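Student: My questions all concern the structure below.
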């Protein structure tokens, strides 16, 4: 079996999804889980785009040991220098340099001739080679580029020191047969291609990102790039968990394997969904909640007799298990700490104290506390940002009557420590609550999206709310959890506002580039 390397770009390409704005702590938690998942390489960010991205890449580089940590850079010396500084503490640093090669990009974006593009690519790879042993070079918009020109520029950048060549389908334009032919052409045409690894990077605009990735592997690609849950700009990227499971399940047909630890799939997927606010659709392949459900009576009968009649993927393979009671209201601190070790989450003494207190409060309200409940508490604590003073929810009440307009009263602690209170009406309980919070905060806020989900099951399940707001022109996501739906909704809205102030203080302006 040939080994296919997995290049995860959830923290870079995935974070370019509209409204996704992970803080430094959230990015680090995702990076640590990606390492547990077994990704070979993770693209931690684009350090030249902002101070925040630089600091995040630097922290991840200093933390991750087994996976290679990669920084994105344009074909510009200053970007390469900044990437080098961000990755100084990495065990396995690498740089990813991209430059457009399609006629439309060279003419209208770069305003360079093909000869000038080759010269720039060679010069920047040569410059990067003085700082990095591992260099990935991407031909942006490769699938709309002239194939002969691609072969020419690839040969030159390999001579300059590139170690990985990436042929991205930047706009999700290609098809499996066509993409496979491109890889075969490059393998057969570029004389020094065997000196490097060949990588694919597919977007999902036509719904073929995973199929295109597998077609590339069949035709010489030794690395697949993508994201967890397939998140990303526009229609997203190739879902890495789908690629890995497809190769595993169809190992009878595909002589390839990855190094992913598939039983970590569910945990990884859930974490990314929770922190980005991009929930996994119920019928998503491999990891959707309906992936192992059977509605048809014929199907149910078959599965009961032999699961292999209709299930080609077992829940256990991807880490799906039933939630069970693990701790109760009489559980002590020692038992609680033992349970945390199973999650592999490290807490400071202060964080442990906070987590245990929240757990005890939850056991007063819930008869059964599940792994999902506890993991939600832990992630809320681990990913909290304390960069600036914030608004805090002190108290709220909502009055609802079918014969009257809902009314909400809210008391907040403002960033300066003073208590502020207001009452507003709305067409529903949530609207009344949000109108009151908005009135107290006194910013130009528009609610774009609101979601509420249960964590685990049962009538006393923990509620988790995700909101997306536009505040003074900035799109921000927020997340909140509580046993009460309205409390979770209020916490999510306030968290989104606080994130806006964190970003505003840090003055994080981001440059977004596709590859």
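Glycine residues also receive a Cβ, built from the backbone N, Cα and C atoms like all the rest.
According to Swiss-Prot, the protein carries these features:
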- 4-266: domain 'Pyruvate carboxyltransferase' (DOMAIN)
- 13, 201, 203, 237: Mn(2+) binding site (BINDING)
- 392-515: region 'Regulatory domain' (REGION)
Student: Return the residues near residue 203 (Mn(2+) binding site), defined as same-chain residues 6+ apart in sequence whose C-beta is under 8 angstroms from its C-beta, sorted by sequence, else 'none'.
Tutor: 168, 169, 170, 171, 172, 209, 232, 233, 234, 235, 236, 237, 238
Student: If you count other CB atoms within 10 A of each CB, which of 13, 237 wins among these binding-site residues?
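Tutor: In terms of Cβ crowding, the pick is 237.
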Student: Reduce the DSSP letter at residue 203 (Mn(2+) binding site) to three states and note it down.
Tutor: strand
Student: Do you know the DSSP helix, strand and coil residue counts for the region 'Regulatory domain' (392-515)?
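Tutor: Tallying H, G and I as helix, E and B as strand, the rest coil: 35 helix, 57 strand, 32 coil.
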